[in-house]
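Trainee: Below, the features straight out of Swiss-Prot:
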type	residues	note
BINDING	164, 165, 166, 189, 230	NADP(+) binding site
C-alpha cells in the first residue's frame, strides 16, 4: 500500500482547474492580475517571487512583479499599497515578508484591502477568517485541509493534534479543523507529556521548524501524519518528522519536499479565482 500523501499530485489537479478557469475568462475578454511586492533582495523572497511569477504565467494569470529598494520609507510603501488597492485591474496583492526592520510590518499589512489580501495578512482578513466570514484562506493551513480531503481522509469526529501554535500555521489550522468538526489539541513548547498527547492523535500535524524532531515514539499505530516543517540539513530540505522512522507506523504520511509545501503556492493563486472556491 502506498502511504504517501502527495501534494504534487493534488496540485496538478488544482492547476488544471485554474488553467481552465482563466481560459474561460480570457475567452470572454477578461483576465486576472496579481501584484507581488518585494522590498529588498532577501534571497528566499527573490526565489519565491520568481516561482510565483512562473506558476502564475503558466496558469494564465497576469503577474506584476514589484521590486522596491530596501531603503524605501514606510510611507512610500504604504502609498504603493494604497495605489494597488485602488487599481481595479488588480485582483490580488501579495506582500513578501519579512520587511526591513525600519518598516512597521503590522501597519503596512493592515493597509492591504481585505478583498485583495491573498495571504490573509491584515487584521481585517484575520478577523473575517476567525468569524467564519468570506475571506481568502491562509494558504499553508488550507493546504493541509485540502490534502486530507483530496485523499478522502475523514476529519469529522477525529482526534487531531497540532504541534506548533504560530499565527501562520498552528492557530488558523486549529480553527479550520474545528470548522470540520474535529476534536483538536494544540501543543507547544510548554506542553507537558508531549509524547502521550501525540499518541492520541488520529491525525498528527507537525509545524515547529525542528528537523526530524518527531520519531515513531510520538506516533500512534495507524495515524495520519502531516509534516508542515521545512529545515535545511546538509544542503537538503528536511521536515519536522523523521520520515523513515515514522513511515511504517503511520497509515499515511506526507513527504518533505513533495507534501504540504507543494500545494501552498497553487492554493495562493487559486485564491484569486473566487468562483473556484
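A Cβ is built for glycine as well, from the same backbone N, Cα and C atoms used for every other residue.
Describe each of these features in terms of where it is and what it packs against.
Mentor: Listed in sequence order, the residues of the same chain lying 6 or more apart from residue 166 (NADP(+) binding site) and placing their CB within less than 8 Å of its CB are 207.
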Trainee: Quick one, of the binding-site residues 189, 230, which Cβ has the fewest other Cβ within 10 Å?
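Mentor: Counting other Cβ atoms within 10 Å of each of the binding-site residues 189, 230, the minimum falls on 189.
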Trainee: Let's check the environment of residue 164 (NADP(+) binding site): how many other CB atoms sit within 10 Å of its CB?
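Mentor: There are 22 such Cβ atoms around residue 164 (NADP(+) binding site).
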